[in-house]
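Engineer: The feature domain 'Nucleoside diphosphate kinase-like' is assigned by TrEMBL to 1-138. Taken from TrEMBL, the feature ATP binding site covers 9, 57, 85, 91, 102, 112. As annotated by TrEMBL, active site, pros-phosphohistidine intermediate applies to 115.
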Ligand code: IDP
């Protein structure tokens, strides 16, 4: 079953959007299999955003991600990686469609509320960067037969 890594960034936590954001993935029909609340270390934040290391916004991004607690999550479901990206919306909240998390709740690219893995390989890498295998719960929600034919 496909898995993705999602993280509610410090702005989402500080603004009290944790429940609102989790609700969107729960009600869509995806399954939460991992959840932790932590203040990421610099090492973790730099590893997570390693592809952006040379970008001008990298230092500010690492500063921001390490500045407060984040909600790190693993969600499971058919097509969850691409679907979560759609639910999240475009990187710049001003370009994100209404109905998406960033489109409904944000106004600035440096404060775009949530991270979501962008492809199967990055999803796998990010899940294992943030979670140990035994922190992920294998379970089948009873509601599954009402979500899938
Ligand atoms: P994504 O989060 O939609 O996948 P990426 O292009 O992978 O977007 O960028 C990672 C994160 O880096 C963004 O979510 C945002 O927090 C930050 N970021 C990207 N571009 C900028 C920028 O131009 N200024 C400030 N922060 C940026």
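Backbone N, Cα and C atoms are what each Cβ position is placed from, and that goes for glycine too.
Describe the structural context of these features.
Structural biologist: Taking DSSP states H, G and I as helix and E and B as strand, the domain 'Nucleoside diphosphate kinase-like' (1-138) has 62 helix, 28 strand, 48 coil.
Shown in sequence order, 110 are the residues of the chain, 6+ apart in sequence, with a C-beta less than 8 angstroms from the C-beta of residue 57 (ATP binding site).
Counting only same-chain residues six or more apart in sequence, the Cβ atoms lying under 8 angstroms from the Cβ of residue 115 (active site, pros-phosphohistidine intermediate) belong to 5, 6, 7, 9, 48.
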Engineer: Using Cβ atoms only, which residues of the same chain lie under 8 Å from residue 102 (ATP binding site) while being at least 6 residues apart in sequence?
Structural biologist: 88, 89, 90, 91, 92, 93, 96, 112, 113, 114
Engineer: Is any of 9, 57, 85, 91, 112 (binding-site residues) within Cβ reach of ligand 1, i.e. under 6 A, and which?
Structural biologist: 57, 91, 112
